[in-house]
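**Q** When I checked TrEMBL for this same protein, it listed these features:
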{"type": "BINDING", "residues": "Thr27, Gly28, Arg67", "note": "substrate binding site"}
Amino acid sequence: MLETIYFTRHGHRSDWIVPVSNGCYPTGLFYDPQLSPHGCNQAKELAQYFVDNGIQLDKIYSSPLFRTMQTANYVAEKLNLEILVENGLGEWEIPEPAPISKLREFFPRINTSYTSVSNHPKVNETMQDVHNRLNKTMQEIISRCDAEGHIKSILLVGHAASLTAGVRAVLEDRLAVVNCGTCSSSKFVREGGKWQLKLNGDCSFLSGGEENNWDFD
């Protein structure tokens, strides 16, 4: 049975420094930037956080956007894990991501046999739609992990909106205050059949501390 869930947001984005609109990002999609050098350092510090704390994950799920895949890949390489591409963790109000075949050119750790819980979210999602999507996504991921029996700990790599809605889904509280700085760590532990939030956007392991926190308001 699943015992621990970690949520993180991608690292600092390259377009927060120099916006690019001519499709020269790795996937060729103008809305799919990679991490900045600072974001790569954040992702490396996140990966080291799991190593330093002796945390052995069983699965890593990631949104299909390039910046989340990069973040997930740093952790996957440190812990020698595959990456499960989950559309349900995708960004709010973003067109179709690159296909798995394209992403796998950059991230060979992708497990191509994984079936995503959700289709890619529609561009005109409302805030309620995002929360509904993450309710479905989290319920199904938890159910699948429980059914496998041996899965104890997982990491989900998403965006500010999907992380916030995902944490709220597990808490069953759509008004909960969720901290979601880049490469932060939020941690749930299952106690007595209930999910308890033990860390809410912890950034103590990041050399730059909390950065780029966000909320729906």
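Glycine is treated like the rest: Cβ placed from N, Cα and C.
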**Q** Note down the number of other Cβ atoms within 10 Å of the Cβ of Thr27 (substrate binding site), including every protein chain shown.
**A** 21
**Q** Of Gly28, Arg67, which of the binding-site residues has the most Cβ neighbours inside 10 Å?
**A** Arg67
**Q** Inside 8 A of the center formed by the CB atoms of Thr27, Gly28, Arg67, which other residues of the chain have their CB, for the recorded substrate site?
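**A** Going along the sequence, the neighbours come out as Tyr25, Pro26, Leu29, Asp32, Pro33, Gln34, Leu65, Phe66, Pro97, Ala98.
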**Q** If the substrate binders are Thr27, Gly28, Arg67 per the record, what's the largest distance between their Cα atoms, in Å?
**A** 13
